[in-house]
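Chemist: My questions will all concern the structure given below.
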Amino acid sequence: MRTYHCFWLLFWAGQPHQSFLTPLSKRTSGFPEKEKVLVLSGNSRRDLHRSKRSWMWNQFFLLEEYTGTDYQYVGKLHSDQDKGDGSLKYILSGDGAGDLFIINENTGDIQATKRLDREEKPVYILRAQAINRRTGRPVEPESEFIIKIHDINDNEPMFTKDVYNASIPEMSDVGTFVVQVTATDADDPTYGNSAKVVYSILQGQPYFSVESETGIIKTALLNMDRENREQYQVVIQAKDMGGQMGGLSGTTTVNITLTDVNDNPPRFPQSTYQFRAPESTPPDSPVGRIKANDADVDENAEIEYSITEGDGYDMFGITTDKDTQEGIITVKKALDFENKNLYILKVEATNTHVDPRFLYLGPFKDSATVRIQVEDVDEPPMFSRPAYIMEVKEDVPINSVIGTVTAQDPDAAKNPVKYSVDRHTDMDRVFNINSGNGSIFTSKPLDRETLLWHNITVIAAEINNPKQSSRVPVFIKVLDVNDNAPEFAMFYETFVCENAKAEQLIQTLSAVDKDDSYSGHQFSFSLAPEAAGSSNFTLQDNRDNTAGIFTRKNRYNRHEMSTYFLPVVISDNDFPIQSSTETVTIRVCACDHRGKMLSCNAEALIHPTGLSTGALIAILLCIIILLVTVVLFAALRRQRKKEPLIISKEDIRDNIVSYNDEGGGEEDTQAFDIGTLRNPEAIDDNKLRRDIVPETLFMPRRTATARDNTDVRDFINQRLKENDTDPTAPPYDSLATYAYEGNGSVAESLSSLESVTTDGDQDYDYLSDWGPRFKKLADMYGTMDSDKDS
């Protein structure tokens, strides 16, 4: 017989309905609960047995956010094998077992140790088992049960955004959708009304309203005008528990902006505008600005200005400044104070973007009157034409009048005007003008062939105010007259064969004329009278501005006459007739039987195989370069022979001058005669040096010398004085040499060359009297004398 054992689980779970509440034990901290028992048989889970106070159930509830000081009692685990003798041990495993949920292993009581939050974890799955304490073997199969956390209203609704921004057009109808706000509640939506949210408006009435269930905000007031108020701040509340008392709530802010529509027409702030414009104002220059005000913004405030009527409709224009929406009145044509000094215009301002919905508000345009007063200014003279074109024949005499320009002062004063030619346009002064009446006349001869058109500028200035001046271009065309004779089109140099036959064509001539012929040139050719009868050639006029040269006889001999010069007279048919005589050079050459030239005196003409001009120029350049090289080489060699006396370019004052040529000693009086400094008159210019080769064979020209060379003497005296008085002057490491000391020297000559006595005959005591410069020398020679005496 099989024995069945039952495993009882007892739980205490709180119920929200008061009708099921029973008194609790002390440790439940006052939560009313009803006992629930789960009984599982030892061998089968299919059979569930209901007892007197218990029923089988595998899901239990526990309230969240328990605030008591003791552990929250969950339930009791009991097995039918438990005899109360402590032989069984109850074990709990699963979600939170041992940490969040603990079990009394002896009694099977289960408790929650911590405060539970359904929003963190709503369901816990656990497993319960009873084992034999001695053997450690389970006495019941492991049973799984669920603890579901009962929700309480502990979370307030939260909006998805802290601040909402929305915009709608102004003047919208009532009920226009603005924006939808959304709030969520973390509580359990399936248990009670903790998560049921209701929306309401706390701030923003009566302009807006909100639907309680959807959170849709709509307009509630008609004709909200942006120009009166543009920004609105609406506060929306979301409350749970269906909005009942005690529910939790949250709020959000909705910033609503009214966008602009074109519901305001432009309006001029004044009906009449006054402007002044000098008559010298150039076209397209602004005169003034007007502006119509529009309360709208952006494209709804864009205005187009136009002139609808007035006597200045064709004199003035108006454009719109896109940045400032101002109307800019500009001048279209030149103003004239003397002609009209007041213009009245009607200007209209119209919206460019009109909304048909608001046409009932009136026409979206406005008009104003503009009065423009033209001011008089001192204007420069004005020419009768913008430009003048004149014609003159090239043979006109000097000082002939070719035309007249006219200018007058447009002002009421009618100041007199004087004329002049801008010489920058007539540098050669070919033309001149009468300063009083403006007549232009020639001042130099004209030549159409040199310059056909003369473009000059005439200046007209007021006599009282020369700064007021104007200019006008004058184009003068020089007309042609027949003043140039025709001439050959090219230089003609031809040849005739020695074996030529009579009436043989050897050259065709053509002519040109610098003059201009309206009907075309007609030239006639003929031989000059002096060559007409005795010429060996004849000339035939072809009547087409060409002529042919023919031989008159058979055979020519180049040894008898190698060259013929044939004068040809060319005439034109214009008036007066012009003619010129041109010469054709004809050379006699040897030819073969076919008439091909073989040789003649003009070798360059018939034998072009010689050296070309470029080759001759190249040869000539080579010869020149060679000659220059030779000259430079000779000059360098000559420079080496004549080296400079002074080697260094440093300061040569009082320095020793070095000569490469030392001469022949004291007996050589030809190389360098020092006595020349003492006696300039003893210079012998014709005396040649014997120590070097003469550089020229021409005798030097003797120049007159002064009888007394005072310049040399003065220079040496001056240098001597400077050295005597200068404490920093030599002697130190340089030697000052004076070949000429003058006549009044106290020391006479110190040169050993002119000494006639020996050292023993000299008394050097006087050196001490010459000053500190000679102290060293006096000590030296004084010591020598004392040595000799000793």
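Note that Cβ sites are derived from N, Cα and C of the backbone, with glycine treated the same way.
Small disclaimer: the values here were computed from a predicted structure and weren't measured.
Annotations per TrEMBL:
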| type | residues | note |
| --- | --- | --- |
| DOMAIN | 79-159 | domain 'Cadherin' |
| DOMAIN | 160-268 | domain 'Cadherin' |
| REGION | 261-289 | region 'Disordered' |
| DOMAIN | 269-383 | domain 'Cadherin' |
| DOMAIN | 384-488 | domain 'Cadherin' |
| DOMAIN | 488-598 | domain 'Cadherin' |
| TRANSMEM | 615-636 | transmembrane segment |
Chemist: Run through the domain 'Cadherin' (79-159) and tell me, per DSSP, how many residues are helix, strand and coil.
Modeler: 0 helix, 37 strand, 44 coil
Chemist: Can you tell me how the residues of the domain 'Cadherin' (160-268) break down into helix, strand and coil by DSSP?
Modeler: 3 helix, 47 strand, 59 coil
Chemist: Take the domain 'Cadherin' (384-488) and count its residues per DSSP category (helix H/G/I, strand E/B, coil), listing them in that order.
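Modeler: Across the domain 'Cadherin' (384-488), the residues distribute as 0 helix, 47 strand, 58 coil.
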Chemist: What are the DSSP helix, strand and coil residue counts for the domain 'Cadherin' (269-383)?
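Modeler: When I sort the residues of the domain 'Cadherin' (269-383) into the three classes, I find 10 helix, 56 strand, 49 coil.
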Chemist: On the 0 to 100 scale, where does the mean pLDDT of the domain 'Cadherin' (488-598) fall?
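Modeler: When the pLDDT values over the domain 'Cadherin' (488-598) are averaged, the result is 87.
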